[in-house]
Amino acid sequence: MNRPVLTAAAALSSLIIMAGAVEFGLSVGTAPPAPGSGPVSAATRLAATTSTASPSSTASTPAAAPSPADTLLDPHGTYVGLATPGSVSAWTTATGTRPDMLEEFIGWGQPLPAVAANWSSGELTLVSLQSNTTTLASIASGQDDLYLDRIAVQARTAAIPIALDFDHEFNGNWYPWGADGSQHASPAEFVAAWRHMHDVFEAAGARNVIWVWSPNVVNPLPKVALAPYWPGTAYVTWAGMVGYWTGYEGQGTYTTLYGPTERQIEALTDDPILITETGAEQGSEKAAWITALLNGVRTDSHVIGFVYFDYGAAQGKREDWTIEDDEAAVTAWRTAARSLHLPSVG
């Protein structure tokens, strides 16, 4: 896909072209910038400290041939990600699309998921790490460093790109770490926790991490400014957005749902934007929204892809976001997916 501005490859091109470096992210690199030394972007440091990482280099070859690193890091300009508690292959069969990103959620204290296995089968892992059993103040003060050191070493040892989304939807009030959440954490505490965690990973040599800063969309809610939560250019690789089609008034189009948030993000950074969670609730407009989503991503020059949240009532969700059993939704997906040049499975 041709894009007039930023793509995943633009942010991470040196991952593919850098020659002479040894294993991915392990023994080459630069130290993180000293405080006050200027906004060296996380994407720049990531590119400068990594080299070509073929998915097949870290795991045995699966039944399906793995995607090469350049394709996985810039899959025609659009990531199609999936978050599902079910079978990836079943979703692939239903939609005719093979995802090249898998989002996996982990609570505080849990190890990283099987990132190498995902990479070897052609998927970049987006790890959504949640501070559900600690506090942002505790993280920022170093009280959780034992855990952070452990997963930082896991990330470094994996020696492949890993996307990490810490405490998503921080501007909402429905998670403990969010605005007006049970932690009663301030934006400054969120920023301090983010920067501390980032610095722990840097000190451990885990420079293969793509840092994803992911607020909830500000339309229709929450009406919380994003700027106070921004950790800074040196600490973020990609910006993210969480936004679902729920039928609220004012959500009518892709632009009305995501546009106000994009404008706030673009005032802070020119980092690529990934829609880190999205879905459409069941109903007569589900197919139309799926069409709008895929077409919107295709024409949105700042967005490098999306992750579809394929969860439903069986997982305790209020809404059923799944699409496999909705014939109209599946048809809409397959039709719109052709325009995104997604990897087809028939």
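Placed from the backbone N, Cα and C atoms, the Cβ positions cover glycine too.
Just so you know, TrEMBL annotations never went through curation; they're auto-generated.
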Can you check which of 33-69, 255-291 TrEMBL lists as region 'Disordered'?
33-69
Cβ-Cβ distance under 8 Å to GLU277 (active site, nucleophile), same chain, at least six residues away:
ALA83, GLU103, HIS168, SER214, VAL242, GLY243, TYR244, VAL307, PHE309
Same-chain residues six or more away whose CB lies under 8 A from the CB of GLU169 (active site, proton donor)?
TYR175, GLY178, SER214, PRO215, ASN216, VAL242
State the mean pLDDT for the domain 'GH26' (41-333).
87
